[in-house]
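One structure below.
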Amino acid sequence: MALVDKHKVKRQRLDRICEGIRPQIMNGPLHPRPLVALLDGRDCTVEMPILKDLATVAFCDAQSTQEIHEKVLNEAVGAMMYHTITLTREDLEKFKALRVIVRIGSGYDNVDIKAAGELGIAVCNIPSAAVEETADSTICHILNLYRRNTWLYQALREGTRVQSVEQIREVASGAARIRGETLGLIGFGRTGQAVAVRAKAFGFSVLFYDPYLQDGTERSLGVQRVYTLQDLLYQSDCVSLHCNLNEHNHHLINDFTIKQMRQGAFLVNAARGGLVDEKALAQALKEGRIRGAALDVHESEPFSFAQGPLKDAPNLICTPHTAWYSEQASLEMREAAATEIRRAITGRIPESLRNCVNKEFFVTTAPWSVIDQQAIHPELNGATYRYPPGIVGVAPGGLPAAMEGIIPGGIPVTHNLPTVAHPSQAPSPNQPTKHGDNREHPNEQ
């Protein structure tokens with residue numbers, strides 16, 4: 001009898017010790033599964049396979065924080081976003097647990113990075129995103145301006161008869177030879193350099209202005225560097241913008257700088273809409289000071305010809321912020337963004353992040369291990385959080401089968417994939433994982 005009592009005492013002590021405590025794993029941090037949200041999209045089929053073993057993934061399909069479900073605002077510790085939603089300080093303050101934001105793309109002007117840093121939120125981007133696509137699209141715009149293919153197509157669609165030499169001269173008026181022309185690039189990062197390589201093949205003389213770039217790059221690419229914006233504008237037959245938008249270069253192209261450009265120069269912008277004062281550009285196009293312009297980005301997006309200062313501007317080509325897009329680029333960007341979120345979860349913020357853009361403003365917050373244990377939602381992977389609750393948005397024709405989840409009072413979204421077994425422990429920063437090993441891209445360096 002005494003022996004039985006002794007065993008009971010031992011079991012009681014063991015139960016008290018283990019109650020509510022996960023067993024320690026020596027090779028990594030101990031923390032619950034965090035909630036990660038894709039803010040302005042509804043397809044997270046690429047992100048889920050990378051994150052599902054250590055995080056709950058939801059998508060919001062929102063265009064503003066007013067459309068984001070309060071569960072995401074209260075519990076999401078990671079967020080991924082495109083360029084179609086803007087996060088100001090006021091918006092960022094609505095997130096109660098947010099630690100990291102990854103912009104799926106290179107630009108981050110739609111996030112107040114200073115406010116984010118002061119709130120302890122790291123902001124990352126994908127600087128290698130869609131470099132080739134953006135460079136190719138830029139060259140297409142430049143060639144279009146010089147060879148006027150868009151206007152020739154429009155003339156034929158409108159029934160213009162083009163048979164005699166005189167008719168050809170009339171309809172193709174303004175077409176120009178490229179060889180020997182000078183292309184000026186404002187900003188000479190990854191995309192600017194890719195444009196320079198392509199432009200040289202067409203016979204352009206290339207020069208650039210970039211006050212942040214170290215000397216020597218121009219020698220390796222066989223281009224010329226100028227050290228003032230005025231010099232670039234004065235010497236260029238075509239000016240193309242390839243810089244980020246910030247408080248220092250808003251409306252970089254304005255009435256004053258346009259007057260410094262060569263008479264009849266071309267302007268191309270596939271960077272950020274806020275770099276160009278569209279009112280000044282429209283006036284310059286009407287007066288002929290600028291011969292033609294091609295814009296992929298605009299001050300107000302989504303862009304419409306029906307409104308705004310450009311609606312009556314001549315010799316203008318506009319595309320809807322699509323210079324970056326290809327299926328391959330989109331896939332690589334999304335994989336890289338999810339991998340950056342994975343680094344944040346398994347490592348330290350901001351030290352473990354590869355592309356943190358607001359370290360100078362960053363304020364350290366509590367470690368991941370103190371996240372509320374109630375914020376564990378393994379059954380909600382791929383759920384839709386959208387205000388008002390209960391509404392699930394599905395694209396026409398449906399999405400690839402990768403969504404599952406429950407919305408309180410709403411419509412369940414399911415798929416026929418096997419249930420994912422979620423491990424209780426995330427790997428340490430130094431422990432290799434199949435996602436970290438297989439999904440790194442050399443061009444992220």
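Any Cβ shown, glycine's included, is placed from N, Cα and C.
Values in this document were obtained by computation on a predicted structure and should not be read as measured data.
The active site feature in Swiss-Prot is assigned to Arg272 (among others). Of all Cβ atoms in the shown protein chains, 24 besides its own fall within 10 Å of the Cβ of Arg272 (active site).
The number of other CB atoms found within 10 A of the CB of Glu301 (active site), across every protein chain shown, is 12. What Swiss-Prot records for Glu301 (among others) is active site.
What Swiss-Prot records for His321 is active site, proton donor, and it gives similarity to another entry as the kind of evidence. Counting every protein chain shown, the number of other Cβ atoms lying within 10 Å of the Cβ of His321 (active site, proton donor) is 19. A coil conformation is recorded for His321 (active site, proton donor) in the three-state DSSP classification, outside any helix or strand.
Classification of Asp296 (NAD(+) binding site) by DSSP places it in coil, neither helical nor stranded. If you look up Swiss-Prot, you'll see Ser106, 186-191, Asp210, 243-249, 270-272, Asp296, 321-324 marked as NAD(+) binding site, on the strength of similarity to another entry.
Among the features that Swiss-Prot reports, asymmetric dimethylarginine is placed at Arg22, with the record citing similarity to another entry.
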Candidates Thr191, Glu247, Glu301, Ala323, namely the recorded positions, that fall within 10 Å of Arg272 (active site) by Cα distance: none
Recorded positions near Glu301 (active site), in sequence order, restricted to Ser106, Thr191, Asn244, Glu247, His321 and a 10 Å Cα cut-off: His321
